Amino acid sequence: MKFGKELSSQMVQEWQQAYVNYDYLKTLLKEIIKLKEKTNPPPPPHHAVPGEGISRKMTLYRAFSGLVQTPGKKRQSSRQSNYSSEIDIEEGKAPILVSKSTHGLETTFLMTAEEGGEYELVFFRRLDDEFNRVEKFYKEKVEEVMKDAIMLNKQMDALIAFRVKVENPVGWGWEERTVEMTRLASDIATSTAAIAASTPARTRTMNPRAQAHMEAIQEGSFSRENEDEDHGSVRGATGDVKTSSLNTMRGARPAPIEVLDHIKINNTKATPRSTIKGVLNSSSQNEIIFNRQNLNEVEEKLKFAFVEFYQKLRLLKSYSFLNVLAFSKILKKYDKITSRNASKSYMKMVDNSYLGSSDELMKLIQRVESTFIKHFANGHRRKGMNILRPQMKREKHRVTFSTGFSAGCIFSLIVALVAIIRTRKTMPEAEHNTYMNTMFPLYSLFGFIVLHITMYAIDIYYWKRYRVNYAFIFGCKQGTELGYRQVLFLGFTIGTFALLCVLGNLDMEVNPKTKNFKPLTELLPLFLLVALFVVLIMPFHFLYRSTRFFFLTCLLHCLAAPLYKVTLPDFFLGDQLTSQVQALRSINFYICYYGWGDFKKRQNTCEASEIYIYSLYIVASLPYLSRLLQCMRRMIEERSLDQGYNGVKYLLTVIAVSLRTAYGYEVKNTKNPTSHLKVLAGSSSILAAVFCTYWDFVHDWGLLNKTSKNRWLRDKLLIPQKKVYFIAMILNVVLRFAWLQTILNFEFEFLHKQTTLAVVASLEIMRRGMWNFFRVENEHLNNVGKFRAFKSVPLPFNYDEDDEKDD
């Protein structure tokens, strides 16, 4: 793989504009190559010289010079070449002169008088610009993580004091304990010098389990530097040992418990309890309660904060390494093209720069590792490093095979189903309408689920193809996000079992042996639905447990809106539910059909119940009400008026859906429906559809920008073909108005009414799948524009001084 592709594949996608523009520098080198080819014609082809083969063959009998050359065995030619190159650099004969100024790195090209020198001068100017830009960005990010490190230091002080308070509520007698520890350090200073000479370093380190959590942060004792000191020479003077012992004992003192007087528990209002307390302005909401439950919550929050902070450090380390490597590669290409030796002096300056010498960052990484292992992994290095550096998932061949196998099963079952319906009369014509009004809504639920999962898998495929960091956008834990193969496997598996149930149902209808067990025949879709629900909530580690629980958590947040803090996965799932209104109605029909015993006689008496009719309004409006409440909470917390307008969009949709439901019920139960209800349903639906379409294009997709360099689109596009965006907008409008069928009562003669409703619902799901890609693409480009590659993590403690700054 060429380095340009390797760089683009390994870079942090949200920082892609901050990396060195390697392709642009290569274009400058290509211009130099073109100039060289014009001025210097290619050399004539090489012809073999008589005796050349013999002389080359004679070299096979020379004495072996060794794999590693010693100074005495170096050849004279290499010594002369090394000497000449050193002279070139030392005497100023190098082609460039690199210096450091207040504006950054500046390179003076010393051979502009040569032919084509102006092209090389432009190359080095652009190279300096790229380096200074990269180093400036790197400095800013390092300063940010250093500020975060200071904040984490304060959080660790508070955590240790909190831990001491919980595990020793009576108190330790801090002043007396300090005096005793100081006196003890003085008494054992002399004996320590003798013991240290004969005791290994690992044995000298005190490691009582009871005090492992109580001592102050002394992770530096585990660093390589101190290990080297332990294996070095033994101190000879007693005074040195006494001083080191005093410092060690002073560092081993417990954290000052007075820290707890200056902190408060950070109430993020992320749960219903904290939200209700925040609304009621409870005076005790920030009071610290010292118990084991609060300690565990604080440790979990701080543990998550350390994991995210460590990921920041790793990304910065990768950023530094890739950019330094890019400068090295491009300079080697320059040397090869121009036959100069400019890379040595330039890379020497790069290595000595802030970007090249990342010692401060490396020490911080080691410090974070040792701190995390000690305080959050109980001293187990492997356990701690597995949390800090989760292993990347490998694509398994059995997943690909299972996906293809299940897809083949679906295709075969569909062919078999069509053949059975066409060739065998499974039921009389009179029972066909009853079957479509009862069993079809039950089985269509699985069709909606499979179609939505398939559309999501297609989205994942194209997100990966265009390098959209969807895992970061959705907040997935590293290594737990599903690929499109895994998602397709889930969807095709559900589809296979659903089609098996349909075929089983039809077979039991015509089989004389099973025809008497009609209630059992009707229960097949219910069994499948219950099985899917059981698998979804099963706590065992199989079938993507983390993803299942992540989905259930987001679903709970949608149902309990606005009590939970709204995150992108929550409102993204809420938008998906707005496209599954027909599926929610199917679930409502499940409750009615099986709860009231209609399945025993295959009768649909649900529509005769007022409770069921009212539930249709609630079920159809529930997803939009959830999104409305989420928008209201975001408007209050973020003080964003756009969220208020977004809430108006969902309010209009709730009104439109309710009026369409009422009109559909009136059409079904009365011969002459009132015209004013039709007008209200149609006008409200048109108003809501126009508002939603405008919001999709402008806010969710970021399109229709007149001033953009891509007219009527946006400045940055991941798909190079602009026509794709215009086609998507047209399709979105067409599919958005698919609900017109419910108002105009337009029906196809060859389709049953339930089939028509299923087709319209499927079109809405397909529109949502298309919407998903461009919505996440726009979110990714916003992250790229703001260089946002990290998640903001709430910390468990607030210091009084921080509150004063906020005030």
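Heads up, the Cβ atoms here are built off N, Cα and C, so glycines get one too.
Per Swiss-Prot, the topological domain holding GLY483 carries the same name as the one holding THR674, which places both on one side of the membrane. Outside the transmembrane segment (679-699) by six or more residues, the chain places 642, 645-646, 648-649, 652-653, 655-656, 659-660, 662-663, 729, 732-733, 736-737, 739-740, 743, 771 with a CB less than 8 A from a CB of the stretch.
When the stretches 401-421, 486-506, 523-543, 724-744 are ranked by Cβ pairs under 8 Å to the transmembrane segment (438-458), first place goes to 486-506. Using a Cβ-Cβ cut-off under 8 Å and counting only residues 6 or more beyond its ends in the same chain, the topological domain 'Extracellular' (700-723) has close neighbours at 466-468, 729, 771, 774-775, 777-778, 780-782, 784-785. Within the topological domain 'Extracellular' (700-723), the DSSP-based counts of helix, strand and coil residues read 2 helix, 2 strand, 20 coil. Across the topological domain 'Cytoplasmic' (745-807), the DSSP tally of helix, strand and coil residues reads 40 helix, 3 strand, 20 coil. As a whole-number mean, the pLDDT of the domain 'SPX' (1-348) in this prediction is 68.
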